[in-house]
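Asks: Can you read through this structure? Questions will come right after.
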Amino acid sequence: MYLYGASGHAKVIIDILRGIDVSVAGLFDDNPDLKQLSGLPVLGKYKAEQQLDLPLIISIGHNQIRQKIAQQLKVNFGQAIDKTAILSPTATVGKGTVVMQGAILQAEVQVGEHAIVNTGARVDHDCIVGDFAHISPGAVLCGNVQIGEGTWIGAGAVVIPGVKIGKWCKVGAGAVVLRDLPDHVVAVGNPAKIIKHC
Ligand SMILES: CC(=O)SCCNC(=O)CCNC(=O)[C@H](O)C(C)(C)COP(=O)(O)OP(=O)(O)OC[C@H]1O[C@@H](n2cnc3c(N)ncnc32)[C@H](O)[C@@H]1OP(=O)(O)O
């Protein structure tokens, strides 16, 4: 596997891959001063149309940046699913997506491409998580929740059953979302209220 982005997020992905015996050949990063991360070589800037002999994961936590890079790269994308994550046999996870330590994906969950299901997040039955979304550590999506493309659910947030959250939203850490949210809004608190557009 290659990684794109020598970040703190990459360190976690490296741990996940090491835990499932997938070796990482190195990381691409635009910062010329970075030479290694977690004992792995930083290979410098990725050159457009560079052919890769291994799949790649974009190891950048920012959803919009991850999307921009994914649209530019013409490579085979891999996945990282931690060995301590619990996935229903009927859950599906798209290419480029990372499922971290202790995350749970219940029956018929669908997680899109280049998404992040972070440490200990719980995604219950029949949820749909869009491409480039991020479910932060300890967040809970109850059954039948839908999360739009690029939406960021903050740490420890709870979304009650059947709620639909639009695209490119930000839900604050600790929020409790009781009602549907439209695209491009920031919502915080319990009960979650929209405070601005984004
Ligand atoms: C491994 C990892 O670390 S994964 C990353 C996990 N990270 C997170 O979960 C962080 C989630 N992000 C947040 O909660 C952020 O505060 C956001 C995205 C909701 C809002 O960020 P910003 O757009 O920068 O908003 P800003 O900080 O200006 O706050 C705006 C208002 O909302 C309030 N607010 C912000 N976040 C929250 C929150 N989580 N709960 C309640 N109120 C909040 C602020 O106090 C502020 O109120 P005020 O105007 O009365 O002073």
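Cβ atoms here come from the backbone N, Cα and C positions, even for glycine.
All TrEMBL annotations are machine predictions without curation.
Sharing the feature lines straight out of TrEMBL:
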type	residues	note
ACT_SITE	HIS125	active site, proton acceptor
BINDING	SER7, GLY8, HIS9, GLY61	substrate binding site
BINDING	HIS134	acetyl-CoA binding site
DOMAIN	2-73	domain 'PglD N-terminal'
SITE	ASP126	site 'Increases basicity of active site His'
Asks: Roughly how many Å lie between the Cα atoms of ASP126 (site 'Increases basicity of active site His') and HIS9 (substrate binding site), rounded to a whole value?
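Replies: Between the alpha carbons of ASP126 (site 'Increases basicity of active site His') and HIS9 (substrate binding site) there are 27 Å.
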Asks: Measuring Cα to Cα, how many angstrom lie between SER7 (substrate binding site) and HIS125 (active site, proton acceptor)?
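Replies: With distance taken Cα to Cα, HIS125 (active site, proton acceptor) is 32 Å from SER7 (substrate binding site).
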Asks: Average the per-residue pLDDT over the domain 'PglD N-terminal' (2-73) and send me the rounded value.
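Replies: PLDDT averaged over the stretch: 96.
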Asks: By DSSP, how many residues in the domain 'PglD N-terminal' (2-73) are helix, how many strand, and how many coil?
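Replies: Breakdown, helix to coil: 22 helix, 14 strand, 36 coil.
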Asks: Least buried of the recorded positions HIS9, HIS125, going by other Cβ atoms within 10 Å?
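Replies: Counting other Cβ atoms within 10 Å of each of the recorded positions HIS9, HIS125, the minimum falls on HIS125.
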Asks: Using a 10 Å cut-off on CB atoms, tell me which of the binding-site residues GLY8, GLY61 is the least crowded.
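Replies: Among the binding-site residues GLY8, GLY61, the sparsest Cβ neighbourhood within 10 Å belongs to GLY8.
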Asks: At its widest, how many Å does the recorded substrate site span between Cα atoms of SER7, GLY8, HIS9, GLY61?
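Replies: It comes out at 9 Å between the most distant Cα atoms.
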Asks: Between the Cα atoms of HIS9 (substrate binding site) and HIS134 (acetyl-CoA binding site), what distance do you get, rounded to the nearest Å?
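Replies: That separation, Cα to Cα, works out to 12 Å.
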Asks: Could you check which of the recorded positions GLY8, GLY61, HIS125 is the closest Cα neighbour of the residue listed as 'acetyl-CoA binding site'?
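Replies: Nearest in space to the residue listed as 'acetyl-CoA binding site', counting only the recorded positions, is GLY61.
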Asks: Let me check the 10 A CB neighbour count of SER7 (substrate binding site). How many other CB atoms are there?
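Replies: Step by step: centre on the Cβ of SER7 (substrate binding site), count other Cβ atoms within 10 Å, giving 17.
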Asks: To the nearest whole angstrom, what is the C-alpha distance linking GLY8 (substrate binding site) and the residue listed as 'active site, proton acceptor'?
Replies: 30
Asks: In DSSP terms, helix, strand or coil for HIS134 (acetyl-CoA binding site)?
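Replies: Reduced to three states, the DSSP call for HIS134 (acetyl-CoA binding site) is strand.
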